[in-house]
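One structure below.
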Amino acid sequence: MFASLLVPTLTLLFPVGLSSLPLVINTWPFKNATAAAWSALQSGGSVLDAVEKGCACCEMEQCDGSVGYGGSPDESGETTLDAMIMNGDTMEVGAVGDLRRIKNAIGVARAVMEHTDNTLLVGESASVFAENMGFIAEDLTTNKSVNIFSQWLKGNCQPNYRKNVFPDPSESCGPYKPRATVRGNKRPQHANTRSHDTIGMVALDRNGHMAAGTSTNGLTHKVPGRVGDSPIVGAGAYADSSAGGAAATGDGDVMMRFLPSYLAVELMRAGADPSAACKTAISRIKRHYSDFFGAIICANTTGHYGAACNKVPGLSQFHYMVSNSESGSPILKSVDCF
C-alpha cells in the first residue's frame, strides 16, 4: 500500500547518476574524504571501512570547520561531536551524540556498533566509553573556536537558539529562565552554509554491500547538550542493502522531525529513482518549513545516485562528491535547489 500511494507522484526532475559499482557518494565538496573512502574500497576494505575512513578524514581535516574538533563551539565554548555508522546488510547502527574530548567520533560510533548491543551513546558517558575502548582524550578547543566563542560573547550572544525565556535572548546572554507565558515565536533563521556542513556518506561495493555514515560538530552556538539529526537513524543517514542509502545535511533540528534519509530509502525500495526520492524527501519537509536549510544525497542498489536541496538564500545549488568505476576518482557534482 505504501508503494502504491507514493510512486505515482514521483517525477524525474534531475539527471540520474550513472549505474556503476562500486560507489562512494558524500555531501559537500569534501574531495579528500571521498578519496579516502574510495581508496579503502579499492584496497579491499569493507563498505564500513570506507565510510569510517572517509568521515574520519573530514574529522582530521576539520572540513569547513563544521566537522571535527575546533569548530562550532556551543554556548559554553565547548566543541562536541555527533556521528553514526550503519551496516546496510545487518541493519546494525552505532552512534554517538554530544561526544566530548574525543576527535574520532565516527570511530567511536563504529565501536558502539561492534562492541555493544546498544545503538546510541551520548554525552560524558559516551566519552568514558570511548576512553575505555582505547580512544585518546584530547582538548577539542582550538584558537579558532576560542575566537568564535569570544566574538559571540562580545556580540551579546547573537545568534542563539533560545525562546520564551528572560532576559530577552535576542539582546542578552544568559543564564536564562523560562517566561511564565509561552508566546508564539517566529522560528529563528538557521540558513547558514557554514553552520550545517555535516559530512554524510554512502558506500556501495561491487557485491551490493552498503553502508552509510555521518560526522559533525553540530550547530555553532548550540544549547549545550543539543544533538542534531546526524546521529539519529533515518534522519542523518540510513542504509539498507536491499533498497538503497541516503544521507542528509542541513538544519538538523528541523530535518530530524521527518526522517528524510529513511523516507528516501523507502521510496527507492518502492521503485523511485534516487533523484526523485531525494526530491520527495526534501519536499516533505518544505511543506512545513519552507525556509529550512537542507539537502540530501541518495543511491540505490544498482549504483544510480542523485541529490536534492531546498532553495534558500545562500543555497541555490548543492555540491556533492561521487566516485565510482566510471570516474575512477572523486568527481564534483551539483544539483539546482528547488
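For all residues, glycine too, the Cβ spot is worked out from N, Cα and C.
The active site, nucleophile annotation in TrEMBL covers Thr198.
Annotated substrate binding site per TrEMBL: Arg226, Val227, Gly228, Asp229, Thr249, Gly250, Asp251, Gly252, in sequence order. Remark: Gly228 (substrate binding site) has Asp82, Thr198, Thr216, Gly218, Leu219, Lys222, Gly236, Gly252, Asp253, Met256 as non-local neighbours, by Cβ distance under 8 Å and separation of at least 6 in sequence.
Residues annotated as signal peptide in TrEMBL: 1-19.
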Extent of the substrate binding site in Å [max Cα distance among Arg226, Val227, Gly228, Asp229, Thr249, Gly250, Asp251, Gly252]: 16
Those residues of the chain, 6+ apart, with a Cβ under 8 Å from that of Asp229 (substrate binding site): Ala235, Gly236, Ala248, Gly252, Asp253, Met255, Met256
Protein Cβ atoms within 10 Å of Arg226 (substrate binding site), excluding its own: 18
